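If you check TrEMBL, you get these features:
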| type | residues | note |
| --- | --- | --- |
| SIGNAL | 1-25 | signal peptide |
| DISULFID | 26-97 | disulfide bond |
| BINDING | 26 | Zn(2+) binding site |
| DOMAIN | 26-151 | domain 'NTR' |
| DISULFID | 28-126 | disulfide bond |
| DISULFID | 38-151 | disulfide bond |
| SITE | 39 | site 'Involved in metalloproteinase-binding' |
| SITE | 66 | site 'Involved in metalloproteinase-binding' |
| DISULFID | 153-200 | disulfide bond |
| DISULFID | 158-163 | disulfide bond |
| DISULFID | 171-192 | disulfide bond |
């Protein structure tokens with residue numbers, strides 16, 4: 001092989017490696033809305049009223065790190081700091097898990113995200129971010145207190161049969177198997193809540209659960 005051919009092959013290998021690196025950078029497993037709530041630092045309802053691209057530093061190669069800054073109008077904070085949040089940040093493309101939000105101020109969103117060391121809020125495609133009007137009544141109720149009641153529990157996703165829980169504090173999430181969709185009835189209408197005996201079970205209903213309740217109880 002000539003020097004030119006060897007150089008070209010090396011460049012090709014580097015490009016393929018970097019492309020694979022980017023492709024893998026936004027890999028994440030689906031999360032039940034309750035899991036998204038429990039794992040998030042910030043959970044809020046807001047309108048997006050503006051956006052712009054900003055540079056927030058440089059990477060290890062000296063290249064500028066670009067992000068999208070969304071200006072938001074906070075409507076309600078369900079989980080997070082006491083101070084009102086008026087700005088959130090995300091990657092500048094879906095390749096780096098950037099989230100594309102409508103910034104006309106007309107649409108309300110449920111936004112979950114992480115607090116960074118500098119106090120700013122960062123969101124990604126791996127977070128649970130949905131138009132407010134698309135949420136079920138149960139999901140909205142869950143944000144008020146029910147999801148928080150189950151943060152000690154563990155929701156186990158069932159990607160294929162057979163699957164089972166291995167601990168009393170686990171709830172089996174079967175939407176993908178039963179409904180062929182991630183956000184099926186269990187995601188829309190159920191919360192995994194700890195019972196008086198410390199075990200966890202799915203709960204469905206529009207009122208707070210009783211002290212003792214059976215799986216899938218619907219008062």
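Heads up, the Cβ atoms here are built off N, Cα and C, so glycines get one too.
Just so you know, TrEMBL annotations are computer predictions that nobody has curated.
These numbers come from a predicted model, not from an experiment.
The two recorded residues, residue 38 (disulfide bond) and residue 97 (disulfide bond), show a Cα separation of 20 Å.
Separating the Cα atoms of residue 192 (disulfide bond) and residue 66 (site 'Involved in metalloproteinase-binding') is a whole-number distance of 38 Å.
Helix, strand and coil residue tallies for the domain 'NTR' (26-151), in that order: 26 helix, 51 strand, 49 coil [DSSP]. Of all the recorded positions in the record (39, 97, 153, 158, 171), the one with the smallest CA separation from residue 28 (disulfide bond) is 97. Every protein chain shown contributes to the tally, and the Cβ of residue 151 (disulfide bond) ends up with 15 other Cβ atoms within 10 Å. Within the set of recorded positions 26, 39, 66, 97, the entry lying nearest in space to residue 158 (disulfide bond) is 39 (CA atoms). Here the disulfide-bonded residues are 38, 153, 163, 192, 200, and the one whose Cβ sees the fewest other Cβ atoms within 10 Å is 163. When the Cα of residue 153 (disulfide bond) is compared against those of the recorded positions 39, 66, 97, 163, 171, the shortest separation belongs to 171. Residue environment of residue 28 (disulfide bond) contains 11 other Cβ atoms, counted within 10 Å of its Cβ in all protein chains.
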